Structures are given as C-alpha cells and as structure tokens.
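Chemist: The following block contains the structure, expressed as structure tokens.
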Amino acid sequence: METNAALGYMLALGAATCWAIGSMLSTGPVRKFGAIHFNMLRMFIISGMLFGYVLLTNSWGQPVLGDISILLVSGFTGIFLGDTLLFTCVKKLGPRLAGLLFATNAPMTFLVGFLLLGENHKVSNFVGVSLVFSGVLIALMFRDTDKNLNSSWDHQNDGWIWGVVAGLGAALFQSIGSLIAQPVIQKGFDPVFASAIRVSIGFVALLVTASSRGPLLQQYRDKQLNRRDVLHITASGIFGMGVGMTLLLAAMKFAPVGTVAILSATTPIILLPILWYITRKPPNIYSFAGALLVVIGTGLVFA
C-alpha cells in the first residue's frame, strides 16, 4: 500500500468518525432551533474558523476564479441544500437513522455518474447499490422494535416519513456537491480553503433564508439561545464540518475517490458503539445488520 494512499484511507476514516461525533452533538440543538437556524449559526462559526486558519497559514495560494465559482456552486448544493436537509432528518429521526440515510450518498454518486455522465459499471456495482438501500430499509422497517435506545437520541414519532425524504435528499445533494468539487480538489486546491469557500456560500444562503422570516436576533431570543447551545453548535461544526469535511477533501487528494467514499461511509457503524456507550444499552440486531449492509454495499458500489 502506498504511503499517500494509506494516509488518504486514514483521513477518510477520520472524517467518518468526526461526522458521527458531530451528529451526536447536533441532535439536541437542531431539535431546539430547527434546521435553518441551527445550521446558519453553525456555518457562521465554522466559516470564521476556516478563513482564520487560511489567513494564518497563508494557504490560499493563487486561486483561479473559475475554481472558486465551481466551489461556490458545490457549497450551495452540498452545504446549503444537503446539510439543511440532513439536519432536518436528524431532527425527525435522530442521529442513528439519519446516518444510515445519509450513507446512501455513495450509491447516489454512482447513480448520478451512471445516468447523467454515462459511466460504465459492473454488475457488482449495482448489487452494492441494492445492498445499501436494503440496509437502510431494514433499519427503517424495524425501527419501532428498538426499545433499548433512549428516545431523546432516537427517532421521533411524528413526521418520520418527511425525515426519510429529507435524509435521502441530503444524500443526493451531498453527492452532487462532492462531484462538482472533485475536479478542483484533484488539481491541488487547498482543502481547507475549499471548505471555507463552500461553507461561506452555505452560510450566506441560510442567512438570506432566515432573514426572510424577520429580525434574526429576535428569532434567536425567541428560541432562548444560551451559552451551552453555542458551545454544542460550535463543537458540532468543528467535528462535522471544520474537521470532517476537510479530512474528506484531503483524503480525495491522496487516495482513490471510490475507496474514500467507502471508508467515509462507515459513519453508521461508528455511531452504534457511541450510542451504546452513551445510553448503556445496545442497539438491536437490525441496527447492526442495516449498518453493515450499508458499508458492504458501499464497498461493492466502488469495487
């Protein structure tokens, strides 16, 4: 195994772990504030951190306007649309099922390439797509049998169908956003600067959306924003967006994108022991089976 490829694999696993932690930290605040207000504050904090890092390290290089434009489109698609739908899913279903649904971004990337870009694929790739969606279906079908998980972490009783739609939409827009950004990253564009650009356009779009509902400060006062909320949202952003997405983009620079997609899709499996540790109660066998099928299927998608 080449050193660069091994580094890319470790970075991809690191991204998956960061997303698992970030998802756990997001659950409480996103249910309190809603996806738009939660994600806007999160994007504001993280864009400041990322641009601060870029300025301190002088890592922006000599960006080409065309590359920046591509990253802006990628950010609007993957961050504004994808992340907002993802946190809508977390609010409705909890981090476990949201993680499984979001893992369908790998087969969706495959399907977008096959249907829109005319890419050729093997039968095993289509088997992988079927396994991923089967794993998600198993987890959803048997969600009500998992009585061991604390209800505050697991799915809510109302609006779970919209949660599923939001999760699948998040996966689709994230896959499109990643495909848009991939050529720019592979040319050597700094991954932290790329993340900063993508996050900033996501924040602007969220700001415009939230501002259409009235004065922003009053909206947050009405939702009783406090210091603890800010700390949770900041930590969620650092793990999920600041570190997680940067690790993913860096992994794409060192390792094949297919393998990176497989390893970064292990978030549903990583989430299970974290939930087990927090609740002191194991998830049911269907949760493990569904998560395992998702990861195996993702591997076959890019085999």
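Quick reminder: no glycine exception, Cβ is built from N, Cα and C everywhere.
From TrEMBL, for reference:
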{"type": "DOMAIN", "residues": "7-140", "note": "domain 'EamA'"}
{"type": "DOMAIN", "residues": "162-302", "note": "domain 'EamA'"}
{"type": "TRANSMEM", "residues": "6-26", "note": "transmembrane segment"}
{"type": "TRANSMEM", "residues": "38-56", "note": "transmembrane segment"}
{"type": "TRANSMEM", "residues": "68-90", "note": "transmembrane segment"}
{"type": "TRANSMEM", "residues": "97-117", "note": "transmembrane segment"}
{"type": "TRANSMEM", "residues": "123-140", "note": "transmembrane segment"}
{"type": "TRANSMEM", "residues": "160-180", "note": "transmembrane segment"}
{"type": "TRANSMEM", "residues": "192-210", "note": "transmembrane segment"}
{"type": "TRANSMEM", "residues": "230-251", "note": "transmembrane segment"}
{"type": "TRANSMEM", "residues": "257-278", "note": "transmembrane segment"}
{"type": "TRANSMEM", "residues": "285-302", "note": "transmembrane segment"}
Chemist: What residues elsewhere in the chain lie close to the transmembrane segment (192-210), defined as a C-beta under 8 angstroms and at least 6 residues from its ends?
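Modeler: Apart from its flanks, the transmembrane segment (192-210) reaches 36-37, 39-40, 43-44, 46-47, 50-51, 53-54, 57, 59-61, 63, 68, 71-72, 74-76, 78-80, 83-84, 177, 181, 184-185, 216, 219, 241-242, 245-246, 249.
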Chemist: Quick one: do the transmembrane segment (123-140) and the transmembrane segment (285-302) have at least 3 Cβ pairs under 8 Å, skipping pairs fewer than 6 apart in sequence?
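Modeler: Contact criterion met.
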Chemist: Please spell out the DSSP helix, strand and coil residue counts for the domain 'EamA' (7-140).
Modeler: 117 helix, 0 strand, 17 coil
Chemist: Using DSSP, how many residues of the domain 'EamA' (162-302) fall into helix, strand and coil, respectively?
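Modeler: Counts, helix then strand then coil: 119 helix, 0 strand, 22 coil.
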